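According to Swiss-Prot, the signal peptide annotation covers 1-21. Annotation comment: Swiss-Prot describes 22-261 as topological domain 'Extracellular', evidence class sequence analysis. Annotation source Swiss-Prot lists N-linked glycosylation site at Asn65, Asn254, Asn570. Annotation comment: Swiss-Prot describes Cys169-Cys183, Cys243-Cys244 as disulfide bond, evidence class similarity to another entry. Feature annotation from Swiss-Prot assigns transmembrane segment to 262-285, 293-311, 327-346, 527-545; the stated evidence is sequence analysis. What Swiss-Prot records for 347-526 is topological domain 'Cytoplasmic', and it gives sequence analysis as the kind of evidence.
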Amino acid sequence: MAPGCCTTRPRPIALLAHIWRHCKPLCLLLVLLLLCETVQANPDAKRLYDDLLSNYNRLIRPVSNNTDTVLVKLGLRLSQLIDLNLKDQILTTNVWLEHEWQDHKFKWDPSEYGGVTELYVPSEHIWLPDIVLYNNADGEYVVTTMTKAILHYTGKVVWTPPAIFKSSCEIDVRYFPFDQQTCFMKFGSWTYDGDQIDLKHISQKNDKDNKVEIGIDLREYYPSVEWDILGVPAERHEKYYPCCAEPYPDIFFNITLRRKTLFYTVNLIIPCVGISYLSVLVFYLPADSGEKIALCISILLSQTMFFLLISEIIPSTSLALPLLGKYLLFTMLLVGLSVVITIIILNIHYRKPSTHKMRPWIRSFFIKRLPKLLLMRVPKDLLRDLAANKINYGLKFSKTKFGQALMDEMQMNSGGSSPDSLRRMQGRVGAGGCNGMHVTTATNRFSGLVGALGGGLSTLSGYNGLPSVLSGLDDSLSDVAARKKYPFELEKAIHNVMFIQHHMQRQDEFNAEDQDWGFVAMVMDRLFLWLFMIASLVGTFVILGEAPSLYDDTKAIDVQLSDVAKQIYNLTEKKN
């Protein structure tokens, strides 16, 4: 570019800033003119507003005659059910409170005011009925958001302010968490009696019928995730107070709610039922594991934790016990009983014959009869005949190496006895008797065996607290010695053989009875397993089945009457 021609083009932003600096007063003046033009665009409404409120006194009741009654129509539009606090017994709702009444000072001819039929005025500038929530639980009895009121040329005034009310609600916890609650909101005039202000529901058709079935408008209701609305009736009452002779009318808006139980079923019911059935498995756990009592105590502590959790949810009332609380008390009783029974079973399992002798009826009932009813297989060695076992024990002993050697020696010294006599002799040896044994002398081959057995008789006779087996044998041996002269070594050997036989017999009986006690404990475990399982099933269905809502098929009306709910469910169906 040639020298002297170095002009630059202004940037767009800089150009706008330059125009704004020089034209700012002009722009502000233009905006003011537009606003003035807008205000002057409806001079009829301004003139009407001045005419209606210039001489209006908002403190005076709007009647032409002092004896007249102002009829106030009251309605409630529910927007949201925010919360129902069971602990504090407070219902929190987001509502629109609809008011309608006639004010003769607000009548005009629309033709005189350019066809204006409605006028919106601040509610602070007109008379308002002092409608309050009687059962308020938060301190705010009246509407705090002062929205504009709508004036009709006929004199009708419509005022619909929004409000969040916290009303007291008496909670019935008998069937928690399958419960239904009925709450109400009582509205009435705080100052004026029934001769000055008469209340009527906005949907009430005649004066005789004071009850309206659909008393709350649910068209703008947003469905709750915890409660279903079953009914919203409204009813007009008149109450006489001690202070005044005139009646005070009020309107009750009732809300019947049914709890959606999915949350509590998943987080409370199923864990409680599962933990209660663990008490049945205590009796399936073997007694030798050493964990039966620990499992019982763990289950008891778990149920105590759930009981404390419920006490934090429900109100502190002594009028009724909640359904879930009944079930927890029932299961805690079962678990506590299982602890006691488990201790008894463990005591039976570890009993010893030296301290506890099993009675015949215990053996007959718990070993022979009850296992068949419980479909248990009884080991064959537990069904033995103890008397036959004692008789045959000598024959078993004679078949051992030592017993056979003793019998051979007796046969040699008896001069070749017959087989029948030998069998009789074996039986007598097994039974502990020595009478009638025709033994003449002992040989040198038996002397070593006798010497081996001759020493420890005195020490073994009192082993394990068993009675001496030698009592009664001295007389029989003396009789034998009187008839036949036996060597002293053979007599001593017979004494020791009899002791060993009786000691082994008592030891086997000791072990067998120890096994019997263990099997009795096992049978008791199986018996109480079935009893506790049946009790748990019956208790679960009986206690939890008391709730009437489980059999109530009433459909919720909030989904049917709410336009918002219909839109939500329609969108959900389209997405699916």
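Glycine too: its Cβ is placed from the backbone N, Cα and C atoms.
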Distance [Cα-Cα, Å, rounded] between Asn570 (N-linked glycosylation site) and Cys169 (disulfide bond): 33
Residues from the same chain, set at least six apart from the ends of the transmembrane segment (327-346), whose C-beta lies under 8 A from its own: 272, 275-276, 279, 282-283, 287, 292-293, 296-297, 299-300, 303-304, 306-307, 310, 321, 521, 524-525, 528, 532, 535-536, 539-540, 543-544
All-chain count of other Cβ atoms within 10 Å of Asn570 (N-linked glycosylation site): 10
Least Cβ-crowded entry, counting other Cβ within 10 Å, from the disulfide-bonded residues listed as Cys183, Cys243, Cys244: Cys243
Using Cα positions only, nearest of the recorded positions to Cys183 (disulfide bond) (Asn65, Cys243, Cys244, Asn254): Asn254
Asn65 (N-linked glycosylation site), number of other Cβ atoms within 10 Å: 6
Whole-number Å value for how far Cys243 (disulfide bond) lies from Asn254 (N-linked glycosylation site) (Cα to Cα): 27
Per DSSP, three-state class assigned to Asn65 (N-linked glycosylation site): coil
Cβ-Cβ distance under 8 Å to Cys169 (disulfide bond), same chain, at least six residues away: Leu84, Gln89, Ile90, Leu91, Gln181, Cys183, Phe184
Arithmetic mean of per-residue pLDDT over the topological domain 'Extracellular' (22-261): 88
Where Asn570 (N-linked glycosylation site) falls in three-state DSSP terms: helix
Neighbour tally for Asn254 (N-linked glycosylation site), based on other Cβ positions within 10 Å of its Cβ: 17
Integer Cα-Cα distance in angstrom, Cys244 (disulfide bond) to Asn65 (N-linked glycosylation site): 22
Asn65 (N-linked glycosylation site) and Cys243 (disulfide bond), Cα-Cα, nearest whole angstrom: 25
